[in-house]
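*Asks:* Got a structure for you, written out below as structure tokens; questions coming shortly.
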């Protein structure tokens, strides 16, 4: 068995970047719902010398997540987990976004929390949208959604009343992720493990390209021109932060969210009254 296994759930731009940054010397398990994307990422990493295994996973299915976790455990002691699977409001419906980003993330946190090794770490990739698209939703509502079983949350009348379209579904699900991580940090700590989240802003990935093309290009351009860093980020910059959170240097950091947004939240929260 391999001494240390790195699990990447979501093999897209950010997921693969983290796998490459953290994966050397580890057994890497890649998972994604898209077989084509999964195969391409696996082949690229194998060509570059990584030890990679892949398996299809649909995180909106609890059974699929359980099977994926069993596969991870068969490869060796799971020490690092990255949950980067998620759907964009541009290409997905309200229902599918909630099933993946909200319930699916909950399934992953719960199942890998049962087998993570002592000293292990997890990073959930959330989004700046959790701060900007759900700011009007009462925190008590967010807490209730986060603390309802992933198997039951999609049927809550409160969810239907709160989330009216795919954009609010995206923002609410990402804000719920913060509370899911905070709550999980307590149970993970009992196993000697840590869990945190990262909220990227505008990062140059295929998902951002889709959002730019779907009548949101002016928003992305505005952010790139006006945020303090004056540009969009790249997936490697998110991977560097993930490496910190997954490593021993962050041993006193758990249950928190780190923004990697080039200062976008500061820009969006600025005082415009003067």
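Quick reminder: no glycine exception, Cβ is built from N, Cα and C everywhere.
So Swiss-Prot lists the following for this protein:
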BINDING   14, 170, 174, 203, 205  NADP(+) binding site
ACT_SITE  170  active site, proton donor
ACT_SITE  174  active site, lowers pKa of active site Tyr
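Help me picture where these features are in the structure shown.
*Replies:* A 10 Å cutoff on Cβ-Cβ distances gives residue 174 (NADP(+) binding site) a total of 28 other Cβ atoms nearby, all chains included. Annotation note: residue 174 (NADP(+) binding site) sits in a helical segment as assigned by DSSP.
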*Asks:* Among the binding-site residues 14, 203, which residue has its Cβ surrounded by the fewest other Cβ atoms within 10 Å?
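*Replies:* Comparing Cβ neighbours within 10 Å for the binding-site residues 14, 203, 203 has the fewest.
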*Asks:* Across all chains shown, how many C-beta atoms besides its own are within 10 angstroms of the C-beta of residue 170 (NADP(+) binding site)?
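*Replies:* There are 27 of them.
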